[in-house]
Amino acid sequence: MCYGGTAMMAFADIKEALTPKPSAQLYDVPLLYCMLMLMGVGFVMVTSASMPTADRLFGNIYHFTIRHGIFLALSFCLFWITTSVPMSWWKKANPYLLLVGLGLLLIVLIVGREVNGSTRWIPIGPFNIQASELAKLFFFSYISGYLVRKRSEVQENIKGFIKPILVFAAYAGLILMQPDLGTVVVMFVTTVGLLFLAGAKLWQFFVLILTGVALVIGLIVLEPYRMARVIGFLEPWDDPFGKGYQLVQSLMAYSQGDWFGQGLGNSVQKLQYLPEAHTDFIFAVIAEELGFVGVSSILIVLGTLVFRALLIGQNALKNGKEYEGYLALAIGIWFAFQTMVNVGASAGILPTKGLTLPFISYGGSSLLMMTIAAGILLRVDFETKMATKQATSGGAKR
């Protein structure tokens, strides 16, 4: 019995040693903890914020909770898979992923499901996939690869600077046809940030920003519903039951939060007063129920996650992993800007854009793609640390 038990233990040790899996110590543990905390908070707050709407629409207060739970389970599976995929695969596949993204954006215009006047979702059984969320990550992957292949051209030749802008314009045109200006703005800011970090000339950088701002203003002025949003943002109290209704209700939620909030589940504004309480305006419900302390804590966690993403990108670039570094930086900029827009819109600092709060808002496609992005960050960090470790051990042997 003793020999048998010893043999089994030895076999288990050998099997574990031979299994090719990354060491937990080589992962960015703070980033992983931040993601898990945000997902946990998101599940609780989606449950709290969605109950009145779920009861009214479906007669089941846990309708959105169940769906969010399913997407969380899928997210964990995709996260685990992503951390196991070598970054070399993403690097080789990024041109094809760009084409897949374009295909999805075309498909959604043909067979997409319309919700609140926007055709952004491809119906797949009981679920809807938001094409622009997938296209966003695929585009960032392509731009990162382009900057590696054409970095000197981007720095020295105007053609190298314009080429990625043309690709962005093709994506932006299809996304605006849905319409979805918020996603286009996120992609634009991230693209500008990457081009700047890649060493584009300063005058090109400023021209691009001014052009982008002018185009956004033009798109707002030409679309009455966007103009109405801006007017509602600038003067919400002039029309508190019309153009300014959503922002007024959101600000009322903030005002009732105080230091420690009304308590979990005790929000008044989510009771059919605040539209999109569990999606775009979930941060207002968090402010009302958890107060200043809760809001500040979540922002600290989100800020830490963004900081870790940017640090991972910086370390990758220092170690000669340019594609991995640019992609990690793109993800960090994406998370940071989307957080700023979501929080700013709910607090009346920015016009509403219909963007989710990373890892917290209800929205399956957003959650899935952001979790995949977090998995990429951990994989980049793992490969960078492994390369450094191997270089160190190789130098020590010599």
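Heads up, the Cβ atoms here are built off N, Cα and C, so glycines get one too.
Annotated topological domain 'Cytoplasmic' per Swiss-Prot: 1-25 (among others), in sequence order. If you average pLDDT over the topological domain 'Cytoplasmic' (1-25) in this model, you get 46.
Residues 64-65, 68-69, 72, 75, 83, 264, 278, 282, 285-286, 289, 298, 301-302, 304-305, 308-309, 312, 357-362, 367, 371, 374, 377-378, 381-382, 385-386, 389 of the same chain lie 6 or more positions beyond the ends of the transmembrane segment (26-46) yet place their CB under 8 Å from a CB of it. The annotation transmembrane segment is assigned in Swiss-Prot to 26-46 (among others) on the grounds of sequence analysis.
Across the range of the topological domain 'Periplasmic' (47-69), the DSSP-based residue counts are 19 helix, 0 strand, 4 coil. According to Swiss-Prot, the topological domain 'Periplasmic' annotation covers 47-69 (among others).
Annotation comment: Swiss-Prot describes 70-90 (among others) as transmembrane segment, evidence class sequence analysis. Taking Cβ pairs closer than 8 Å, the transmembrane segment (70-90) reaches residues 21-22, 27, 39, 43, 97, 141, 321, 323-324, 327, 364, 367-368, 371-372, 374-376, 378-380, 382-383 in its own chain, all 6 or more past its ends.
Long-range contacts of the transmembrane segment (92-112) within its own chain (CB-CB distance under 8 A, at least 6 residues past either end) are made by residues 119-123, 131-132, 134-135, 138-139, 141-142, 144-145, 167, 170-171, 174-175, 177-178. The feature transmembrane segment is assigned by Swiss-Prot to 92-112 (among others).
Under the heading topological domain 'Periplasmic', Swiss-Prot lists 113-120 (among others). Per DSSP, the topological domain 'Periplasmic' (113-120) is made up of 0 helix, 6 strand, 2 coil.
Annotated transmembrane segment per Swiss-Prot: 121-141 (among others), in sequence order, evidence recorded as sequence analysis.
Marked as topological domain 'Cytoplasmic' by Swiss-Prot: 142-156 (among others).
Swiss-Prot lists 157-177 (among others) with the feature transmembrane segment, giving sequence analysis as the kind of evidence. Long-range Cβ contacts of the transmembrane segment (157-177) within its own chain (Cβ-Cβ under 8 Å, at least 6 residues beyond either end) map to 98, 101-102, 105-106, 109, 132, 135, 139, 142-143, 146-147, 150, 183-184, 187-188, 191, 195, 200-201, 204, 208, 219.
Positions annotated as transmembrane segment by Swiss-Prot, on the basis of sequence analysis: 180-200 (among others). Packing against the transmembrane segment (180-200) from elsewhere in the chain are residues 118, 120, 132-133, 136, 139-140, 143-144, 147, 151, 154-155, 161, 164-165, 168, 171-172, 208-209, 212, 216, 219-220, 226, 326, 329-330, 333-334, 337-338, 341, 353-355: each is 6 or more residues past its ends and has a CB under 8 Å from a CB in it.
Swiss-Prot lists 202-222 (among others) with the feature transmembrane segment, giving sequence analysis as the kind of evidence.
Here Swiss-Prot flags 223-289 (among others) as topological domain 'Periplasmic', drawing on sequence analysis. With helix defined as DSSP H, G or I and strand as E or B, the topological domain 'Periplasmic' (223-289) counts 35 helix, 0 strand, 32 coil.
Residues annotated as transmembrane segment in Swiss-Prot, with sequence analysis given as evidence: 290-312 (among others). Counting residues 6+ beyond its ends, the transmembrane segment (290-312) has Cβ neighbours under 8 Å at 28, 30-31, 34-35, 37-38, 41, 257-262, 264, 283, 328-329, 331-333, 335-336, 339, 343, 358, 360, 374, 377, 380-381, 384 in the same chain.
Residues or ranges marked as topological domain 'Cytoplasmic' in Swiss-Prot (evidence: sequence analysis): 313-324 (among others).
Positions annotated as transmembrane segment by Swiss-Prot, on the basis of sequence analysis: 325-345 (among others).
Residues or ranges marked as topological domain 'Periplasmic' in Swiss-Prot: 346-356 (among others).
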*Residues from the same chain, set at least six apart from the ends of the topological domain 'Cytoplasmic' (142-156), whose C-beta lies under 8 A from its own*: 91, 94-95, 97-98, 163-164, 167-168, 191, 194-195, 198-201, 322-323, 326-327, 330
_Long-range environment of the topological domain 'Periplasmic' (113-120) - Cβ separation under 8 angstroms, sequence gap at least 6_ = 128, 130-132, 178-180, 225
